[in-house]
Amino acid sequence: MAAKDVKFGNDARVKMLAGVNILADAVKVTLGPKGRNVVLDKSFGAPTITKDGVSVAREIELEDKFENMGAQMVKEVASKANDAAGDGTTTATVLAQAIVNEGLKAVAAGMNPMDLKRGIDKAVTAVVTELKALSKPCETSKEIEQVGTISANSDSIVGQIIAQAMDKVGKEGVITVEDGTGLEDELAVVEGMQFDRGYLSPYFINKPETATVELDNPFILLVDKKVSNIRELLPVLEGVAKAGKPLLIIAEDVEGEALATLVVNTMRGIVKVAAVKAPGFGDRRKAMLQDIAILTAGTVISEEIGMELEKATLEDLGQAKRVVINKDNTTIIDGIGDEAQIQGRVAQIRQQIEESTSDYDKEKLQERVAKLAGGVAVIKVGAATEVEMKEKKARVEDALHATRAAVEEGIVAGGGVALIRAASKVAGLQGDNEEQNVGIKLALRAMEAPLRQIVANAGEEASIVASAVKNGEGNFGYNAGTEQYGDMIEMGILDPTKVTRSALQFAASVAGLMITTECMVTDLPKEDKADLGAAGMGGMGGMGGMM
């Protein structure tokens, strides 16, 4: 086991604070409408330019082990805020730095760290309650656009596109961000249910100019097994041929003789057929087949419930207005399913989302809800260069997370104003003893830090602006972008309540742990031992000289 280096008390805290300040100073220059960029060197490829706090934090690793521990703990604050609300990482870092600096001063003055922490926790709990009281619902498209614009670092086009996407697919809908091909940002909306499986044979293509299969008013056969024997399919094929409609087969797989016969029938024009694999795997595939069945008023032919493919009739088939299949995706448009049943299925999946503990499962279930309920929107980010594309895509994703958070928990005045208002409301809060009162005061004082940093980044005098904002009331604040005072919500400077709340809670949590740190332990650097092999060779040379 390697030898350890141990530091106690003030020595440990001074080192830790140095690390906290290095990381926070690098991150906080990005805060606000006039925040600056940070350039990150990569071991390969071009440097990355970013204004995203968490991206800067993730890159920082310090040489001094003790300083690095401080930096890593603040990095944890930024990551946690990012995971919870998708934004607010820089605000969280600034708050953590302010609380740690104020707290360690109090510890150095002889205060009891545990009571300070209790005071900080009391202040944060009271302020979070006030933030929830100040919060107003984010309902209109205009408000969604404003939240998106602020989170994308005042890029109004991003705000507009996110608001349009939410209008098209609903606030619960799935919105994804992809690399675009042009210079402009674009919004594409996939109507109907789309899943990522394409045609099983290119011979099914009936629109060669677009390399797609298009079926109008098709029957849809859903099978929960592999189909390789054409005999099983004959009764359904005969029924469909008599009805004179096309057929889409969605099965675990269609192979061998069955696929060959379907291709021949299609090419001869006897019956128009296309086959695709069912989406997903295992239990998720069964669930998605059931989703498609409800959407198209069909039945999944599954041996688990005693149904045989040979005995399937036209009544078991689903129907839709149109189906479009390319080599990668299948889209079912306007299934004839009963609206009440579809809503029932959506409610059932939402219940599963509530109960699920895995983020991955939640995301997949959310996608299923969107496919059943409204469709999927894709924001294609346009840029002139690869470097700009990466930076812009990160901003769009941030803005999307922020707007979702705003829809979830509402909005408060932005620009650091909400924290100042909430802090002033609980200014009379008392702890159990004087040291807790000091903890409460220092936490409330630290809540001015985001506003001060936004103003400092805009090149103004932070103390003057902070004093003016504190003397105002309601949503009165300072717009650093236009250098004007006024009503923040009317000026469109909004923050999602969830983002502000998460930033404060995570910052206080980690800062409290750092204030109560009394000892730090790290590995001693290993000393390189002299290379004995090389020394031996030298001796050999000497012997050669003697001979």
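Placement of Cβ uses the backbone N, Cα and C atoms for every residue, glycine included.
For reference, Swiss-Prot has these:
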- Thr30, Leu31, Gly32, Pro33, Lys51, Asp87, Gly88, Thr89, Thr90, Thr91, Gly415, Asp495: ATP binding site (BINDING)
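DSSP assigns Gly32 (ATP binding site) to coil in the three-state reduction, placing it in neither a helix nor a strand. Long-range Cβ proximity for Gly415 (ATP binding site), meaning a same-chain Cβ under 8 A and a gap of 6 or more residues, is found for Gly32, Leu451, Ile454, Gly477, Tyr478, Asn479, Ala480, Met488, Ile493, Asp495. The Cβ neighbour count for Thr30 (ATP binding site), using a 10 Å radius and every protein chain shown, is 22. Look at Gly88 (ATP binding site): DSSP puts it in coil. With all protein chains in the displayed structure included, the most crowded Cβ environment within 10 Å among the binding-site residues Gly32, Gly88 is that of Gly88.
Counting only residues at least six positions away in the same chain, the Cβ atoms of Val27, Lys28, Thr30, Leu31, Gly35, Gly53, Ala78 sit under 8 Å from the Cβ of Thr90 (ATP binding site).
Pairwise Cα distances among Thr30, Leu31, Gly32, Pro33, Lys51, Asp87, Gly88, Thr89, Thr90, Thr91, Gly415, Asp495, the recorded ATP-binding residues, top out at 17 Å.
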